[in-house]
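As listed in TrEMBL for this protein:
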- 10-365: domain 'Cation/H+ exchanger transmembrane' (DOMAIN)
- 51-70: transmembrane segment (TRANSMEM)
- 82-109: transmembrane segment (TRANSMEM)
- 115-135: transmembrane segment (TRANSMEM)
- 147-169: transmembrane segment (TRANSMEM)
- 189-207: transmembrane segment (TRANSMEM)
- 219-235: transmembrane segment (TRANSMEM)
- 241-258: transmembrane segment (TRANSMEM)
- 270-288: transmembrane segment (TRANSMEM)
- 294-317: transmembrane segment (TRANSMEM)
- 329-348: transmembrane segment (TRANSMEM)
- 354-373: transmembrane segment (TRANSMEM)
Amino acid sequence: MHVLYYFALVLLAGIFMAKVTRKLRLPNVTGYILAGIVIGPSLGKLIPKEVVSSFFIVSEVALGFIAYSIGSEFNLKHIRKIGLSVVWITLMESLCAVFAVTLAMIFVFHQPLHFSLVLGSIAAATAPAATILVIRQYKAKGVLVDTLLPVVAMDDAVAILAFGVAVAFAESLVSNNSAIPMASVVLRVFNEVFFSLLLGLVLGLFLSFMSGRVKGEDALLSLTIGCIFLGIGLASKFGLSSLFVAMMIGAVVSNLVYSCDRVLSVVDRFTPPIFLAFFTISGADLQLGMLPKVGLIGVGYVVFRVIGKILGAYAGARMTNSPPTVQKYLGLTLVPQAGVAIGLSLLAEQTLPGMGVALRNIILGSTVIYELFGPVIAKQALVMAGEIKES
């Protein structure tokens, strides 16, 4: 069969299953992942394994646009407006999740250091879409919502930064079985991050300059896609982080372009089918036979990530003298996890193939759990905070 046949099957199955899950009041992403599982090689076998593997470019593109969107949240005027307290809370809840999962993997589950570092870095990510959907559906308002919205926008950026550093360390550890000087590892991490951000800065400046000189939405869309694709391609060629590159492009545009909303939102016309395919392919890539082997570690990942999020959010809110409702309930609203975490796990598989299958199955399996129960937990937290009025 032609590859377009399988790609069409991915899109149509994702649309159909999302329609089913919406009737059950579940997020679309859950439907996409379930659709992938049903049609994938582990269950329905409608798509061969080698075809699923050939769709890796969809993951690269989707993750690039997610990183671009996250970078756009780093608008200095906006950060000054919301205050540094939200930044501190974001750092605390993100890094506590990273340390909780990393330490649990090392000392409780006795996993290798490089595996623990990468899995721990992914723990920082949150799925803002699920939480925002709950807020809109129930018209939640209050100080908890005002704190939650910028936090979920920024902690994915922390996850991408932590992941980039963790992967660079892991590559150094895996590439040499003998003891390697820590200074050389740190230098390699610094070089990868620095040159990735430098490339993103150059492309961001170019996009910012050209965006005011093209006429029409179509030309602007093509220009933006071209810059992001170029960044992903050059990052792959020179061994840089495509996530850092795309994130920096978004950050530069957000701060330098006067009508930045026009440039940043134009990609919304292009990305919906990409994200749909990305999640569905991720589900198809799930190897059900691996789940029993990673089951206990997967449960540990879910539990320790939630513990880290709750304790970190509480500590950050307490440090910044945030209201009691924020201290008590913010962590519960940060449970959902999906898009960025899945993308990072797939990227890790390409970079560190030796541990990729287990890591991907842990993240995909936990995502289904998070997306099934996360929105319910988030809603209940908002109810307990008094920001949802139940009829």
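A Cβ is built for glycine as well, from the same backbone N, Cα and C atoms used for every other residue.
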Near the transmembrane segment (51-70), which same-chain residues lie under 8 Å Cβ to Cβ, leaving out any that are not at least 6 residues past its ends?
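Those are 3, 6-7, 10, 40-41, 153, 156-157, 160, 228-229, 231-232, 236, 242-247, 249-250, 264, 267, 270-271, 274-275, 277-278, 281-282, 284-285, 339-340, 343-344, 346-347, 350, in sequence order.
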Does the chain bring the transmembrane segment (241-258) near the transmembrane segment (115-135), so that three or more CB pairs sit under 8 Å (pairs 6 or more apart in sequence)?
no
May I ask whether the transmembrane segment (147-169) has at least three C-beta pairs under 8 Å with the transmembrane segment (82-109), counting pairs 6 or more apart in sequence?
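Contact between the transmembrane segment (147-169) and the transmembrane segment (82-109): present, because at least 3 Cβ pairs are under 8 Å.
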Short question: most Cβ pairs under 8 Å with the transmembrane segment (270-288), which of 115-135, 294-317, 354-373?
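Maximum Cβ contact count belongs to 354-373.
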May I ask you to check whether the transmembrane segment (219-235) and the transmembrane segment (189-207) make contact, with contact taken as at least three Cβ pairs under 8 Å and only pairs 6 or more apart in sequence counted?
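Touching, yes - the transmembrane segment (219-235) and the transmembrane segment (189-207) meet the threshold of 3 or more Cβ pairs under 8 Å.
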Going along the chain, which residues at least six beyond the ends of the transmembrane segment (115-135) come within the CB cut-off of under 8 Å?
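The answer is 27, 29, 94-95, 97-103, 105-106, 145, 148-149, 152-153, 155-156, 158-159, 162-163, 165-167, 169-170, 301, 304-305, 308-309, 333-334, 336-341, 344-345, 348, 352, 355, 358-359, 362-363, 370-371, 374-375, 378-379, 382.
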Among 147-169, 294-317, 329-348, 354-373, which stretch has the highest count of C-beta pairs below 8 Å with the transmembrane segment (189-207)?
147-169
